[in-house]
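*Asks:* Can you read through this structure? Questions will come right after.
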Amino acid sequence: MDIRQMNRTHLDHWRGLRKQLWPGHPDDAHLADGEEILQADHLASFIAMADGVAIGFADASIRHDYVNGCDSSPVVFLEGIFVLPSFRQRGVAKQLIAAVQRWGTNKGCREMASDTSPENTISQKVHQALGFEETERVIFYRKRC
């Protein structure tokens, strides 16, 4: 298995994996996200490849605003991670996280953060298994003006 930072040749593989994680996200929106990741210095995606097949990805960003539970800035933020079901429990996600962490460290980050919804217990377990610690639970509100 090989972990690579996404480049243009990986876009179709990445989009296929991403559609499995976020199936409600329109295809053209995935493409626009991919183009933005390729062009922006504060965004990156890493692809796990095995025998020429994309088996997982991790999207990340560098955030300079307040990140819940963090004490420093900037923070490398895990925006999303996905591994094909047949490749789970084999250390793929761990290697993807290590690549994201190295990228963030090279960008001056001392902390990595992520989030998930309170009802997504599978994601919570994955985060804990990958070394993340829960920092807080937040409910957001809005009021239209």
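These residue numbers are counts, starting from 1, taken along the chain as shown.
Cβ coordinates come from backbone N, Cα and C, glycine included.
For reference, Swiss-Prot lists these features for the protein:
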- 1-145: domain 'N-acetyltransferase' (DOMAIN)
- Trp22, His25, Tyr66, Glu79, Asp115, Glu136: substrate binding site (BINDING)
- Ile81, Phe82, Val83, Gln89, Arg90, Gly91, Val92, Ala93, Lys94, Asn120: acetyl-CoA binding site (BINDING)
*Asks:* Under a three-state reading of DSSP, tell me whether Lys94 (acetyl-CoA binding site) is helix, strand or coil.
*Replies:* helix
*Asks:* Run through the Cβ atoms and count how many others sit within 10 Å of the one on Trp22 (substrate binding site).
*Replies:* 13
*Asks:* In Å, how large is the greatest distance between any two Cα atoms among Trp22, His25, Tyr66, Glu79, Asp115, Glu136, the listed binders of substrate?
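*Replies:* Across Trp22, His25, Tyr66, Glu79, Asp115, Glu136, the widest Cα separation comes out at 27 Å.
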*Asks:* At the Cα level, what's the spacing in Å between Lys94 (acetyl-CoA binding site) and Tyr66 (substrate binding site), rounded?
*Replies:* 26
*Asks:* Using DSSP, tally how many residues of the domain 'N-acetyltransferase' (1-145) sit in helix, strand and coil.
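*Replies:* So the domain 'N-acetyltransferase' (1-145) is made up of 54 helix, 35 strand, 56 coil.
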*Asks:* For Val83 (acetyl-CoA binding site), which residues of its chain lie six or more apart in sequence with Cβ-Cβ distance below 8 Å?
*Replies:* Ala48, Ile55, Gly56, Val92, Ala93, Leu96
*Asks:* Sorted by position, what residues of the same chain at least six away from Glu136 (substrate binding site) have a C-beta under 8 A from it?
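*Replies:* Asn68, Gly69 - these are the non-local Cβ neighbours of Glu136 (substrate binding site), listed in sequence order.
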*Asks:* I'd like to know the mean pLDDT over the domain 'N-acetyltransferase' (1-145).
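*Replies:* Summing pLDDT over the domain 'N-acetyltransferase' (1-145) and dividing by its length gives 96.
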*Asks:* Compare all C-alpha positions of Ile81, Phe82, Val83, Gln89, Arg90, Gly91, Val92, Ala93, Lys94, Asn120, the record's acetyl-CoA binders, and send over the largest distance in angstrom.
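*Replies:* Max span of the acetyl-CoA binding residues, Cα based, is 21 Å.
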*Asks:* Do you know offhand how many angstrom separate His25 (substrate binding site) and Ile81 (acetyl-CoA binding site) by C-alpha?
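*Replies:* The Cα atom of His25 (substrate binding site) is 15 Å away from the Cα atom of Ile81 (acetyl-CoA binding site).
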*Asks:* Comparing the binding-site residues Arg90, Lys94, which residue's C-beta has the most other C-beta atoms within 10 angstroms in this structure?
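*Replies:* Most Cβ neighbours within 10 Å: Arg90.
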